[in-house]
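Engineer: Taken from TrEMBL, the feature region 'Disordered' applies to 1-21, 36-58. The domain 'Transthyretin/hydroxyisourate hydrolase' feature in TrEMBL is assigned to 3-112. Here TrEMBL flags His6, Arg44, Tyr110 as substrate binding site.
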Amino acid sequence: MTVSTHVLDTRSGRPAAGLPVRLDRYDNDTWEPVAEGATAEDGRWSAAPRDPDAGTPPGTYRLRFGSGAYFAELGEPTFYPEIGIIFTAADGGEDHHVPLALGAHGYSTYRGG
């Protein structure tokens, strides 16, 4: 399973480049980090399984976006310093794309294809 996102900055109408992103998996009543990085110039980021042969197990995952750091770099205050999107991956072999439309005072997401 690959988890990917594409983040657009609704303020500028452009990709949100350099936005910190982290993927966690919920296991044994705690969130365990899976991958982290930052969106590319085109606003995209993805996390492939650590062992492609084993795949990624089904479960509950969380994408965390560092919106506070992103907007601080732009000199703009934000209402949401961090955005967490929790989703369930029922099939460990299926890819999951989670787009995010991001503004300083709101956001919107959905399951992409």
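Note that Cβ sites are derived from N, Cα and C of the backbone, with glycine treated the same way.
Automated prediction, rather than curation, is the source of TrEMBL annotations.
On this model, are these features tucked inside or out on the surface, and what's nearby?
Structural biologist: For the region 'Disordered' (1-21), residue counts in helix, strand and coil come to 0 helix, 11 strand, 10 coil, using DSSP.
In sequence order, Val98, Pro99 are the residues of the chain that are 6 or more apart from Tyr110 (substrate binding site) and have a CB within less than 8 Å of its CB.
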